[in-house]
Every structure is written in structure tokens, then in C-alpha cells.
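Report on the following structure.
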Amino acid sequence: MELWFTEHHNDSIGYSLKVNRTLNSENTQYQKLDVIESEFYGRVLILDGILQTTEKDEFVYHEMIVHVPLFTHKNPKSVLIVGGGDGGAVKEILKHDSVERVVLAEIDDRVVENSKKYLPTISCGLYDEKVEIMIGDGINYVSEHKNEFDVVIVDSTDPIGPAVGLFTEDFYRSVYECLKEDGIIVAQTESPFIYGSLINKLSKMFKNIYPIVKPYICTIPTYPGHLWTFTMGSKKYDPEAVDVNNIPNIDTKYYTPQLHKASFVLPKFVKEIFEEA
Ligand code: SAM
């Protein structure tokens, strides 16, 4: 009998993958965690029934959440990731020679341990000596560190459970304090097809805090609606003013210097969601 995993995006839409086998299922302190092997996308991490990352398409999300801010900043040395326990963002950050310190503030150690065990191609950077893994609520970590990071990446689950607080103005203000004077924050801000009103709300919050606020997009096959948004808040650098001819060549599959610029060109309805904020 065929086995399928279906993520229910809302009450009327879902997305299904054919499953070869289940590698692990457990209830952690915070969420239900499953790792499956799917026929097409390879191994998949699922939290509370929501697909987090797959071996086959993880590169799109992780390259775009990392390389756009890190190549916008002139000299990123210290980077904080809030969430991101699968290690995919860490793997991409380590491709930047300027980076000396990466802190991963992840609430659920079981995400880290399962990724190390079942998703080695995604979690491989977690063993690097530049990486500090802090298990605990990222909200607390941010509030306890001031003027410390060049870039903060909010690589969170959807705004449910422990991630609710990561989608609030108080949190983005706290990140502002945690950043150095020319720091940059990037947050994954969900699908414009499904979470338009949330994106609009988040955009308002960013504009209340950061002098430069720029949303950008990419296309992720396994995420709801496929078209995905990130929102960047910057104290000094404009991501669209980056000289693409000066971006060093690194090993990527999705990100290119030209795409860096192009990702800020938004479809009209997405632009309206952000501009109306
Ligand atoms: N790329 C993914 C997506 O959009 O589906 C997110 C990946 S990553 C696995 C998200 C992580 O955020 C999870 O491991 C979850 O445990 C973590 N997380 C949720 N709330 C958190 C919080 N308050 N502090 C730190 N980590 C948190």
C-alpha cells in the first residue's frame, strides 16, 4: 500500500509527498517531530505536521536567507541564527570567509540531534569550531545580548507554538538592540498567497524599527504557495545598492549576484502587500 505525507496548509489546501519509509517519529518537549524518506525530495524534516526542509530543495531557502544579507553587509563577522536547528543556514554562512562566529539559538535540541543523525548533508556545518549551539528560547538569547551581531537570521517555524513570539514587534526591537550599528536582520516571512495579512503586519513592524526595509522573494517547491518572502531590516546597508560585480564567487545552486538584485523585484500583488504597510 502506498504511503503519503500531506501537509495541510489551511482548511482547504494541502501538499503531498509519497513516503518510502519513516526514519523517526517522536514528541519533543515542544513539538511533534518526524523524519521521513520521501521518494522524490529525499529525507524530510517535519515539525507538528509542517514540512521544514528536504534534502532536495533545501538549498533554495537556505541560500536565500543567508547570502542576501551576508553579501549586503560589508564585512559580516558575527552571525546569529534564531531557530534553524536543522543546520542548513549554518552550512551556508560558513561559505563566507569573513565570518568568525556563528551562534545558533534553537529552542529544541531534538531538532538539532535528529538533523545530525538523519540529515547529514544539511547539518554538516554544526560541527564547525566557529559554531556555538545555544539550546533555549531565541527570544531570551536576543534580549540578553546587545550590540553583538552583524547579521541576525530568523529561521523560524510558522507563527504557532514557541515561534509565536518571533513574529512580534517587541522581538524585532530586541533584535535591533542585539545588532551592531550597521547590522542587518532577515526573517522568513511566509507565503504571500496564504499569509498576506501576516506579511503586511510584519512589514509594518519592520518599518517602525529599521530605516531600510526591503522584502525579497524566491520560489521553494515544497513550501505553501511555492512563492516565498523574506523581509530584511537594515540599519545602514541597502541590499539593492550592492555592486554585483564585487560579490565573490561561492559554491551555490540558486543564489547568484544577479539574482541577489532580481529577488527584490516583486510581483505586483506582493509589492502591494508590503507597500500598504
Ligand atoms: N526553514 C523552515 C521553515 O520555514 O519551515 C524553518 C526551519 S527550522 C527547523 C525552524 C526552527 O525554529 C525549529 O527547529 C524550531 O524548534 C525553532 N524555533 C521555534 N521557535 C523558537 C524560539 N522561540 N526560539 C528558538 N528556536 C525556535
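Backbone N, Cα and C atoms are what each Cβ position is placed from, and that goes for glycine too.
Annotation comment: TrEMBL describes 2-235 as domain 'PABS'.
The Cβ of PRO162 (S-methyl-5'-thioadenosine binding site) has TYR30, GLN31, ILE107, ASP108, ASP137 as same-chain neighbours under 8 Å, each 6 or more residues away in sequence. As annotated by TrEMBL, S-methyl-5'-thioadenosine binding site applies to GLN31, GLU106, ASP137, GLY138, PRO162.
Taking Cβ-Cβ distances under 8 Å and a sequence separation of 6 or more, the neighbours of ASP155 (spermidine binding site) in its chain are ILE65, ILE81, VAL82, GLY83, GLY84, GLY88, ALA89, GLN188. In the three-state DSSP classification, ASP155 (spermidine binding site) falls within a strand. Here TrEMBL flags HIS62, ASP86, ASP155, SER156, THR157, ASP158 as spermidine binding site.
The feature active site, proton acceptor is assigned by TrEMBL to ASP155.
DSSP classifies GLY138 (S-methyl-5'-thioadenosine binding site) as helix under the three-state reduction. Mean pLDDT, taken over the domain 'PABS' (2-235), works out to 97 on the 0 to 100 scale.
DSSP gives GLN31 (S-methyl-5'-thioadenosine binding site) a coil state; it is part of no helix or strand. A straight line from the CA of HIS62 (spermidine binding site) to the CA of GLU106 (S-methyl-5'-thioadenosine binding site) spans 16 Å.
Other than the site residues GLN31, GLU106, ASP137, GLY138, PRO162, same-chain residues with C-beta atoms no more than 8 angstroms from the centre of those residues' C-beta atoms, the S-methyl-5'-thioadenosine site, are TYR30, GLY83, ILE107, ASP108, GLY136, ALA163.
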